[in-house]
Amino acid sequence: MVLATLPDTTWTPSVGLVVILCNLFAIALGRYAIQSRGKGPGLPIALPALFEGFGLPELLATTSFGHLLAAGVVSGLQYAGAL
């Protein structure tokens, strides 16, 4: 019954922008919220000093949260007709 009320969500560049913004927000939030950073493997690229101790587990955790957040934001914006 709930699925019948959700609008058809097709991918558009604006949906992609919302997902990117939600992921950036989640990474920024996770940067300060994760208390035990740097316990797992690091990223294979050089990062600025701002992200010191931000490794693969932290990246996977924050982007997973960002995608969950984006799913809710996109659904809400689609339902409101703003997207």
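Glycine too: its Cβ is placed from the backbone N, Cα and C atoms.
Sequence-distant contacts of the transmembrane segment (12-30), counting only residues of its own chain at least 6 positions beyond either end whose CB sits under 8 Å from a CB of the stretch, comprise 58-59, 61-63, 65-67, 69-70, 73-74, 77, 83. Residues or ranges marked as transmembrane segment by Swiss-Prot: 12-30 (among others).
Residues 6-7, 9, 12, 14-15, 18-19, 22-23, 25-26 of the same chain lie 6+ residues outside the transmembrane segment (68-83) yet bring a C-beta within less than 8 angstroms of a C-beta in it. Per Swiss-Prot, transmembrane segment is recorded for 68-83 (among others), and the stated evidence type is sequence analysis.
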